[in-house]
Amino acid sequence: MILLKAPLLVIFFALPYTHSFHLPTTKRTIARTFTMNPDSLTIPPHTKHDPDCPDFRTGYPPIEAYETGFLQVSDLHNIYWEQSGNPNGNPVVVLHGGPGGGCPPSYRTYFDPAKYRIIMFDQRGAGQSLPFAELKENTTWDLVSDIEKVRVHLGVEKWVVFGGSWGSTLSLSYSQKHRDRVKALVLRGIFMCRRSELQFFYQEGTSHLFPDAWEKYIAVIPEVERHDMISAYHRRVTDDDPAVRLEAAKAWTTWEMSTSNLIPNEAKIAQGEDPKFAEAFARIETHYFVHGAFMRNDQQLLEDVDKIRDVPCTIVQGRYDVVCPMKSCWDLHRAWPEADVKVVSDAGHSMSEPGIKSELLKATDKYADL
């Protein structure tokens, strides 16, 4: 055998800019997205976190609501609603996360105020809705019924439905029950409240990535109860002792706020210490989770995809979302390949992360003239 020695030949190809890879710098970072279809994955041009890049979007200016009110949806519940933007525009209903999170004013900035009639409401027990943090008559199907009551109350024939995280669960639930009222869907951070999803975030999975935050989360619960963290927390946030409730609510909420961003956001983490926000958030979330979101089975939203297969839909998912991991988005994509899926490769769960916000804005612009 003869071994030939030759110099190593290295060849550099000049690739088009749209296929080039740029390392983030302090002045410029990049949100790489890809679109999925049934047979392949394709990578479109990079979207830059740079105001000079026409592809990147930062949001519309803050606006005030032009109308607010309360709607009595049952003998017990009175929900807060508001409208902003163009009163004659394309109606869009915003379904907030949690459950129990409420709709902050910043959500209005995801829609062109000249084209959209932006309708937001706080779900039962959340935000400004009354009674505060109430769990009675509070199920997924109560909320679906409330969405219809808001639609009728405000005289809307059809609307675009926008929701992320738990809001995506509720958006799917509503659209599958009321297909004839939905023009299009914009979903983010897919969550179908399946057992595997809850186990990953609240029992074991995200704990391997955020062990420091995890230690604070489990510290409230005695070791003998840690085999079922959701149930253990549910017992505490519904305890008769206000001090027990508040301690557990803060720890539960801080865990989620600590893990929602790819780069932890200190302002969001501090939100977990807000007594009012934490109590509604923790009480309502654990209530829904111990009841499996009141679905007929774990796969209901996937089994009923045929009911909305023809609905235009854009799904935005953070690649490194550890609150609602991409596996759920992937499962939905496989069941519903007609939906347009945008995966943001440098983002976690939060809708305020630059790449996710940019893709959501592109999606709402896409459906603005429906």
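Using the three backbone atoms N, Cα and C, a Cβ is placed for every residue, glycine included.
Record features (TrEMBL):
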type	residues	note
SIGNAL	1-20	signal peptide
ACT_SITE	SER165	active site, nucleophile
ACT_SITE	ASP321	active site
ACT_SITE	HIS349	active site, proton donor
Neighbourhood of SER165 (active site, nucleophile) by C-beta distance under 8 A, where only residues 6 or more apart in the same chain count: GLY97, GLY98, ARG188, GLY189, PHE191, VAL323, CYS324, HIS349
Packing count at HIS349 (active site, proton donor) (other Cβ atoms within 10 Å of its Cβ): 26
Same-chain residues at least 6 apart in sequence whose Cβ lies under 8 Å from the residue listed as 'active site': GLY189, ALA347, GLY348, HIS349
